[in-house]
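Asker: The structure's right below; bear with me while I get my questions together.
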Amino acid sequence: MGNNVVVLGTQWGDEGKGKIVDLLTERAKYVVRYQGGHNAGHTLVINGEKTVLHLIPSGILRENVTSIIGNGVVLSPAALMKEMKELEDRGIPVRERLLLSEACPLILDYHVALDNAREKARGAKAIGTTGRGIGPAYEDKVARRGLRVGDLFDKETFAEKLKEVMEYHNFQLVNYYKAEAVDYQKVLDDTMAVADILTSMVVDVSDLLDQARQRGDFVMFEGAQGTLLDIDHGTYPYVTSSNTTAGGVATGSGLGPRYVDYVLGILKAYSTRVGAGPFPTELFDETGEFLCKQGNEYGATTGRRRRTGWLDTVAVRRAVQLNSLSGFCLTKLDVLDGLKEVKLCVAYRMPDGREVTTTPLAADDWKGVEPIYETMPGWSESTFGVKDRSGLPQAALNYIKRIEELTGVPIDIISTGPDRTETMILRDPFDA
C-alpha cells in the first residue's frame with residue numbers, strides 16, 4: 001500500500017493532472033504542491049461545474065482534505081488572495097483547509113515587470129513564459145536575495161529587505177531594459193495588507209508530512225507543468241524554472257525521498273505544448289487542427305492555443321526514466337475518436353540519418369529531428385464517458401496496449417472525459 005503518491009505530468013504540461021488529483025484525493029488527507037507557481041492551470045469539472053486553480057492545490061474542494069503549498073512553490077500574494085476570494089465566494093472555507101511553508105519565495109510586482117521586460121527584449125527568441133514572474137522569483141531564491149513568506153513575521157525587517165532588493169531590480173529595469181521602475185511603497189503596502197493572512201496559515205511542512213507518514217495518512221503530491229519542462233532535464237532553455245520531475249517532491253516539500261511510494265505519470269493520448277521549444281511530432285495539418293478543436297487545447301492560465309501533435313513515446317520514455325514511474329493515467333483518449341488512423345512516434349531520425357530511441361540532451365541537437373511513426377487503425381466509436389475497459393473499442397485497447405509495450409509502464413487509470421466520474425481506475429495508486 002502506498003501512502004505518499006505523486007501525480008505529475010509526463011509531457012509538456014496540460015496533461016489533465018488537476019482532475020486526477022481531485023479524483024484520488026477522495027482517499028487522501030493532504031494534498032501538497034511542491035513546485036511552480038500560479039503559472040500552472042489545473043481544471044476540475046465536478047457535477048458539471050468548472051473550477052480552474054493556479055496556485056492552490058486541487059484538494060481544496062474536499063472538506064476533509066488539507067491543502068499545502070510547499071517551499072518549492074513561488075507564491076504570489078496577489079494571485080493567492082484572488083484565488084482564495086473566488087473560492088470563498090462559492091462558500092469554500094479556504095483558510096480552514098490551506099497551509100503554507102514559511103520558506104515559500106514571494107513573487108512581487110518587480111518579478112512580473114522583469115519577466116515581461118525580458119521576454120520583450122528577446123523578441124523572436126522569446127521563451128514564451130506566462131509573464132507571471134515565476135523565473136525571476138526563482139532567480140532571487142537561488143541568488144539568496146529573495147523574500148519569503150516567513151519574512152512577513154517581522155514587518156520592519158521585511159520593509160528594509162524589500163527596499164534593498166527593489167533598488168537592485170529597478171536599476172535593471174530602468175537602465176538595461178529601458179522600462180519603468182516599480183513603485184516601492186505600493187509593493188510594500190500591498191504586501192503588508194495581506195501579511196497577517198499569509199502568516200496565519202504557516203506551518204512546518206516537513207514536520208507535518210513526517211508525522212502524517214508515521215500515522216499512515218494518505219498524502220498526494222500534485223505536480224505542475226510537465227517533465228519535459230523541468231529546468232534540468234527538459235528541453236532547455238525552453239523550460240520552466242523549477243524541477244517538475246519526481247525529485248522535486250523531496251526538495252520542494254521536505255518529505256524524505258525514501259518515503260515516496262508511487263509515482264503516477266499523467267499521459268495525454270496525444271501531445272501538446274504551449275510556447276516555443278522543440279516538438280518533433282507537431283502537426284500543422286487538419287489533424288493538428290482536429291486535435292486542438294476536439295481537445296479544447298487552450299491554456300487554462302494564458303488562454304494561448306496549444307500546439308498539437310501525435311504521442312511521442314521517445315520523449316515519454318525519458319519521463320519514465322527521470323521519474324521512476326509506477327504507472328500511467330491516460331487522459332483525453334476520447335479526443336482521438338473518429339480518426340481513421342492514429343500514430344505513435346517510436347524513434348527519431350537525426351539530421352545525419354541515425355535512428356535513435358532517446359531524446360537529445362543539448363538544445364541544438366533537437367534541430368532537424370524527424371519523428372519515426374508507427375501507424376495504427378483508429379476507431380469511429382465514441383469513448384467519451386466510458387467507465388469500463390470492456391466498453392472501449394478494440395482499436396482503442398490496442399492503442400493503449402501498444403503504449404504500455406513501448407514505455408514499459410502499465411496504464412493504471414484511463415480518463416474518458418473532464419468530469420471526475422468519467423474515469424476508469426484499473427489499479428488505485430494508494431493500493432499499489
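Heads up, the Cβ atoms here are built off N, Cα and C, so glycines get one too.
Straight from Swiss-Prot, here's the annotation block:
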- 13-19, 41-43, Arg306, 332-334, 415-417: GTP binding site (BINDING)
- Asp14: active site, proton acceptor (ACT_SITE)
- Asp14, Gly41: Mg(2+) binding site (BINDING)
- Asp14, Glu15, Gly16, Lys17, Asn39, Ala40, Gly41, His42, Thr130, Arg144, Gln225, Thr240, Arg304: IMP binding site (BINDING)
- His42: active site, proton donor (ACT_SITE)
- Ala300, Thr301, Thr302, Gly303, Arg304, Arg305, Arg306: substrate binding site (BINDING)
Asker: Out of Asp14, Arg305, Arg306, the recorded positions in the record, which is closest to Asn39 (IMP binding site) when you go by Cα distance?
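Answerer: Out of the listed candidates, the nearest Cα belongs to Asp14.
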Asker: Tell me which residues of the chain lie with their Cβ under 8 angstroms from that of Arg305 (substrate binding site), as long as they are six or more apart in sequence?
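Answerer: Arg305 (substrate binding site) has long-range Cβ partners Cys292, Glu297, Tyr298.
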Asker: Test of understanding: give the count of other CB atoms lying within 10 angstroms of the CB of Asp14 (active site, proton acceptor).
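Answerer: Its Cβ shell of radius 10 Å holds 28 other Cβ atoms.
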Asker: Tally every other Cβ atom lying within 10 Å of the Cβ atom of Thr43 (GTP binding site).
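Answerer: There are 18 of them.
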Asker: For Gly13 (GTP binding site), which of the listed binding-site residues (Thr130, Gln225, Gly303, Arg304) have their CA atom within 10 A of its CA?
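Answerer: Candidates kept after distance check: Gln225.
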Asker: Relative to the Cα of Arg304 (IMP binding site), which of the binding-site residues Gly16, Gly41, Thr43, Leu333, Thr416 has the closest Cα?
Answerer: Gly41
Asker: Taking the residues Asp14, Glu15, Gly16, Lys17, Asn39, Ala40, Gly41, His42, Thr130, Arg144, Gln225, Thr240, Arg304, which the record names as binding IMP, find the longest CA to CA distance and state it in Å to the nearest whole number.
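Answerer: Value for the max Cα separation, rounded to a whole number: 34 Å.
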